[in-house]
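**Q** If you scroll down you'll find the structure; I have some questions about it.
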Amino acid sequence: MNAYCEARPVLFQPTERADISRLLTCEGEEQQALFQAARAARQAAGMDAVKLRGVIELSNYCQKTCDYCAIRPQNKEMIRYRMDVDTILAITAEIVAEGITTVFLQSGQDPKSDAMVLEAIRRIRQADVNVLLNLGEKSRATYARYVEAGADSYILKFETSDPVLYQNIVGTPLAKRLECARWIQDVGMKLGTGNIIGLPGQTLDTLVDDILLAQELQPDFVSSSPFIPNENTPLEHLGVGDLQLTLNSIAICRLLFPHALIPAVSALEKIKKGGQLMGLNAGANVLTINFTPKDFRDKYAIYSKERFVVSLDHAHATIAAAGLRPRQVANPVEVVSSYN
Ligand code: SAH
């Protein structure tokens, strides 16, 4: 029996720790078989059409002290900004004009932007697009207010399933983050979650636990992203996360969550040209296009100062190269007037 035949039974149901562990590190023919199985699972679930999101990075103020992230408050080199509602709406109009139907609001954990974000959500919803948030840990009541305003989904990555590692690197308890993830689901939003691959002290076992934790949370979206060293952070001298481990993790997630939205994150492209195409080929089905204006974008340095900024052209070229299509988009419309 060749490696592919031997691998086959577990490829489609990697439920045991040992299976997940082996698939995370597989190479060569077995890795190709894993990716092929992931693509087949995506197709069988009717999830081949690539979802496009338009992200607006609305504030780089942050309370959290994550060792991997340059927008941590200890980074005094960082010039801080917080957008106003009009700026967000002007950018939303650009997103909607491209026919993209998910407006993705991301920021540092910045309680001072909450009132503004609520107003922005209400007004973005007038254009009849979905609002996806990634704003960090909030109270249950705040999450509920986002829903009332019209948000329908929220990404809160657990980053790592190891509580000691999480506490050491992020500075707050993992249990708190997981409680927030439950609240997000309780108040009626779809949940996105995931890990970072390449944090110091992480082992293969930690990465298996990450996948098992994702299974426990039953998210609607799940991601694996390689670690990117950021300037002016305690982890700035570390190497980037491992590309192959990340791709394998994406493929395993596709097998375990066939119906999920799984992004090929920009960090993949940052560590390797063509990395996002590799992500789509491993089973991902989301690309996020950056609509943050350059002046702000340069200050939102979560993936290092020279991060890879995903443009619409790059996204379409990547989707075509993967032999896929973008998910049916709305008719591009003139929306600016609807905000008046
Ligand atoms: N403040 C929000 C959003 C954080 S930024 C929150 O707490 O959820 C969005 C994601 O970027 C983070 O969840 C983290 O997974 C990722 N990220 C930030 N810095 C990173 C780095 N240096 N390498 C890889 N991923 C990083």
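All residue numbers here begin at 1 and follow the chain in the order shown.
Any Cβ shown, glycine's included, is placed from N, Cα and C.
Okay, so TrEMBL annotates it like this:
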type    : residues      : note
BINDING : C62, C66, C69 : [4Fe-4S] cluster binding site
BINDING : E159, R177    : S-adenosyl-L-methionine binding site
BINDING : T288          : (3R)-3-methyl-D-ornithine binding site
DOMAIN  : 48-266        : domain 'Radical SAM core'
**Q** C66, C69, R177: which of these binding-site residues put a Cβ within less than 6 Å of any ligand 1 atom?
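**A** Result: C69.
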**Q** Cβ within 8 Å of the [4Fe-4S] cluster site's Cβ centroid: which residues qualify beyond C62, C66, C69?
**A** K64, T65, Y68, A70, I71, R72, G108, Q109, I302
**Q** Can you give me the Cα-Cα distance between T288 ((3R)-3-methyl-D-ornithine binding site) and C62 ([4Fe-4S] cluster binding site) in Å, rounded to a whole number?
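**A** Distance (Cα to Cα, whole Å): 22 Å.
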**Q** Averaged across the domain 'Radical SAM core' (48-266), what pLDDT does the model get? Just tell me the whole number, please.
**A** 97
**Q** Looking at the binding-site residues C62, C66, C69, which has the shortest Cα distance to R177 (S-adenosyl-L-methionine binding site)?
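**A** Looking at Cα distances from R177 (S-adenosyl-L-methionine binding site), the smallest one goes to C66.
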**Q** How long is the line from the C-alpha of C66 ([4Fe-4S] cluster binding site) to the C-alpha of E159 (S-adenosyl-L-methionine binding site), rounded to the nearest angstrom?
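**A** Cα of C66 ([4Fe-4S] cluster binding site) to Cα of E159 (S-adenosyl-L-methionine binding site) measures 10 Å after rounding.
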**Q** Provide the number of Cβ atoms within 10 Å of the Cβ of C69 ([4Fe-4S] cluster binding site), excluding the reference atom itself.
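**A** Result for C69 ([4Fe-4S] cluster binding site): 20 other Cβ atoms within 10 Å.
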**Q** Provide, as an integer number of angstrom, the distance between the C-alpha atoms of E159 (S-adenosyl-L-methionine binding site) and C69 ([4Fe-4S] cluster binding site).
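**A** Each residue's Cα considered, E159 (S-adenosyl-L-methionine binding site) and C69 ([4Fe-4S] cluster binding site) end up 12 Å apart.
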**Q** According to DSSP, folded down to helix, strand and coil, what is the residue listed as '(3R)-3-methyl-D-ornithine binding site'?
**A** strand
**Q** Name the residues of the same chain, 6+ apart in sequence, whose Cβ is under 8 Å from the Cβ of C62 ([4Fe-4S] cluster binding site)?
**A** C69, I71, R72, P73, S107, G108, Q109, D110, G136
**Q** For E159 (S-adenosyl-L-methionine binding site), what is the secondary structure state per DSSP, taken as helix, strand or coil?
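**A** Assignment for E159 (S-adenosyl-L-methionine binding site) reads strand.
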**Q** For R177 (S-adenosyl-L-methionine binding site), which of the three DSSP-derived states applies: helix, strand, or coil?
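**A** In three-state terms, R177 (S-adenosyl-L-methionine binding site) counts as helix.
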